[in-house]
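Input: a single structure, listed below in structure tokens.
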Amino acid sequence: MARRPYDMLFKLLLIGDSGVGKTCILYRFSDDAFNTTFISTIGIDFKIKTIELKGKKIKLQIWDTAGQERFHTITTSYYRGAMGIMLVYDITNAKSFDNIAKWLRNIDEHASEDVVKMILGNKCDMSDRRVVSRERGEKIAQDHGISFHETSAKLNVHVDTAFYDLAEAILAKMPDSTDEQSRDTVNPVQPQRQSSSGGCC
Amino acid sequence: MATTTFYTKQRCNWIEGRDAKVDEVMREWMHKFCTFQDVKICVSTFNVNGRSPLSVFPTWFSQKPEDIAEFYAVGLQEMDLSVGTYIIDNTKKMEGWVDAIHCSLPGGRTQFNVVGSMRLVGIFVIVFQAVNSKVRVSDVNVKYVATGISVLVNKLGNKGGTAVSMKMNDTWVCFVNAHFAAGNNELERRNQDFRDIYNDMVFYPRSQQEGLRDRPLEVPIMCLYDHDVVFWFGDLNYRLNTDMYGISNDEVRRIASSDKFADLLQHCQLREQMARGTVFKDFEEPSTLPFRPTYKYDCGTNTWDTSEKGRVPAWTDRILTFKKYPQVGLESIRPMVSIDTITISDHKPVRAMFNLKVKKINESGANNVYEEAIREADRRANEELPQVQLSLNEVDFGIVNYLEPKTRSVIVQNVGKSKVRFSFKVRPNARNNQEICEKWLMVTPTHYQIPQGSSMEISLTVSISTDIVRRIQDLIRNGQLQEILVLHLENGRDYFIPITAVYNNSCFGSTLEKLLSMRPKKEVNLIDFGDFSENSLSDNCPPNVPRVIYRLVMALRTRGAVQLNIEEEQDNEVFNRIRSALESGQPDDLSQLASSYMLYSALIRLLDSLDEPIILEGMFKIIHKEMIKYRTDARQLWTVVRSSLPKQNQAVLELICLMLREFFSQKYELKDQLSLWATVLFRHDIQDEKMHGMFSTILQTICDYAPDVALG
Ligand SMILES: Nc1nc2c(ncn2[C@@H]2O[C@H](COP(=O)(O)OP(=O)(O)OP(=O)(O)O)[C@@H](O)[C@H]2O)c(=O)[nH]1
Ligand SMILES: [Mg+2]
């Protein structure tokens, strides 16, 4: 049966300390590019990317937030409405990892309850400067029942995987297609509706 | 039956109408997956005035080989006027007309098949396709919409529209035949007929049902505007507005019969309504109509109506076209004509010939392109997001002073691909949740539209007014005034603009206690021997009066009331000079520093900016009571007021009263200032007139009396 390609719009949010690479991760995912100069985000930006998952077209609207401390009270107000949140730290920056707990608290306080979370340890290309082991990252994610990836926006490691995994986890939470079908057939405003028959995706 | 769930089938195919942006890209890339075929379509409309047809009309359609079309669409109006047709569906007349049209087509009836037809009483539309046509016609749907007077439940059906919708290969085409309300004065009803037909002419094509069947919340219909092409023709009944221009019927007929008939088109109601955008929005018609008005003739002739009613000629019979988007290849390839040789009716038939580039979609090609189109659509969507550049990422005002507004500007440059609309958002999580920022900051404009490539200046002003200064300590965080503006672009991102300012602590916006402990910095004085004196004026200041207040009052008294001109203009520069003199203690004697008026207003501002009024809030009630009790006993009144106040307030009040009393005696008109002083000292709500009058009276009584007692 035919699916409407964009019948799903997922709103995702990137959060984490300033400089951990949120903007770079988004830029890598949407434009497949990378920039080494650091221009700290002062505001809230977003990009759109359509992905295909389980035969569905899903439009991702990905919001990139300012990581700087002084904006925290403002940025938390954008959590509401996010269906997925990527919490990013930098494996070469211990402080950014220590702050994970604080970010998780922020999510609990300000995001909707059923938001899907994911932790990303970014800059995994810089093994010589690593201060947070992969195990510690996995551990904290596991403790909170959250999925985890080590990524590199620079070398394009696991960036796509992370977004697809997050989208898939959100999709898995959605009411499944059989519900939609039953909604179809009982809808009285649709005369001449054909009964379910084969079709494309 | 095998049901395919979408989980097993991974590929998504393109179905138009689901995502406007992707459709746009697909349309631009159409040549990559579509082939086009030229198809000639002839359209004709004829109001037959209830007449029976001749067996054939040899001149109705051009028989020349190069003029033979692949499709003929014909709309008739008033095909059947017999009263019976309103009640009983009489098909006999219709069959006669179908035969007559069919036989009149080039090559006769054997060369064409009927694709579809629809009838609403006398409003009849029929579409023929040439037997040798290679176009695959599908999804033929028909529909009528009745407008006009409702009788009982059903509409009468003497006005309305009938239509045939179809797919020619993969191009959606709709033929709408309409008969609008008649009569010179029924313009609005004609417009309404258009709107009703346009609105209700919806189809439920089978293939669209398939495509959209999983959009449970969207009714799967084809509206007129969903078709690639719409031909809308019929007796639209729009008349000429010539009477409004004082052109008589005879004159119109004369022009209509002459070579200058085209001049009349400028008076056409339809043209006028279309120009106003009232009806037929996005429809087109050739700019000139190269034939005489098609209405109204004496039947059997080419003579303008000689009946009693003597109708003014008009182009009532029209053919208009609509294209869903500019790339649709639809062209009028012959001048539109009316067929004067057909005289059975009081109208003439009108005929037009079009070429339509009918498209055929290569399914697998389209689906291959589709993936790429989605990426392209995303790329464009991201690129088209509004973008601006700010000239400053943050704004630091440096040191700001009381009543000394400071302005900075931020240039917002639209560097995006379209115009942007911006607005400052009510700051999320802010304490004052209605405003975009704290009161000490003013932003203009707070919203605006910037054309592409242009820029605009936003002005930011920090202004520490009296209101703000009274609670300045609550506003300061980390020694600064801080705010973050949120500049929001409509349908786009938000920019944060941090604002900081350092408030210069001042004797303004302070408290009496603080003022009392304030000591001028003397070190500068030591160098300047000329001005130096052991006994400066302020050394005589009574212990409970702050020096700054004392110095102002003494300077005013020294100058005397006669010099006080309350009409003078406020001068901020002078005010700032007084302020810094007060704060630095230099010069100690202020009497030569500024005009009496500026000193006077500085004194008022100083008292007004104190955290609390000199006559403390809450004293109102007591004083009011005493006032009534000791209305005539000033001494008693004074004692009560005085004893209800802390020492420093008493002392300041006494000093002020002394000064005022002196002033009133020196210059009687100054008594007008009493009410102002009452406002400053009591700081009551000046809106409340009754109270206000009372406070002035109290103050007057006190002034008249107090100094004798206190400072005698
Ligand atoms: N080596 C390496 N450097 C990276 C990687 N990702 C980001 N960076 C660098 O880290 C710096 C900060 O990246 P951003 O993406 O701007 O950081 P951010 O998290 O968006 O910071 P804020 O906008 O201030 O919240 C930039 O100089 C990037 O080039 C990565 O995967 N590897
Ligand atoms: Mg950033």
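Placed from the backbone N, Cα and C atoms, the Cβ positions cover glycine too.
Range A:38-46 is the one annotated as motif 'Effector region', of A:20-28, A:38-46, A:155-163 (source: Swiss-Prot).
Neighbour density around each Cβ, counted as other Cβ atoms within 10 Å, peaks among the binding-site residues A:CYS124, A:ALA153 at A:ALA153. Counting only same-chain residues six or more apart in sequence, the Cβ atoms lying under 8 angstroms from the Cβ of A:GLN68 (GTP binding site) belong to A:SER18, A:SER40, A:ILE42.
Averaged across the motif 'Effector region' (A:38-46), pLDDT in this predicted model comes to 95. Cβ crowding, taken as the number of other Cβ atoms within 10 Å, peaks at A:GLY16 among the binding-site residues A:GLY16, A:GLY19. Among the binding-site residues listed (A:GLY16, A:LYS22, A:THR65, A:CYS124), A:LYS22 have a CB atom closer than 6 Å to some atom of ligand 2, in sequence order. Taking Cβ-Cβ distances under 8 Å and a sequence gap of 6 or more within the same chain, the neighbours of A:LYS22 (GTP binding site) are A:LEU14, A:ILE15, A:GLY16, A:THR41, A:ASP64, A:THR65, A:GLY67, A:MET86, A:VAL88. Taken residue by residue with DSSP, A:LYS22 (GTP binding site) is part of a helix.
Among the binding-site residues A:LYS22, A:THR65, A:CYS124, the ones whose Cβ sits under 6 Å from an atom of ligand 1 are, in sequence order, A:LYS22. A simple way to gauge crowding: the CB of A:THR65 (GTP binding site) has 26 other CB atoms within 10 angstroms, across all the protein chains here.
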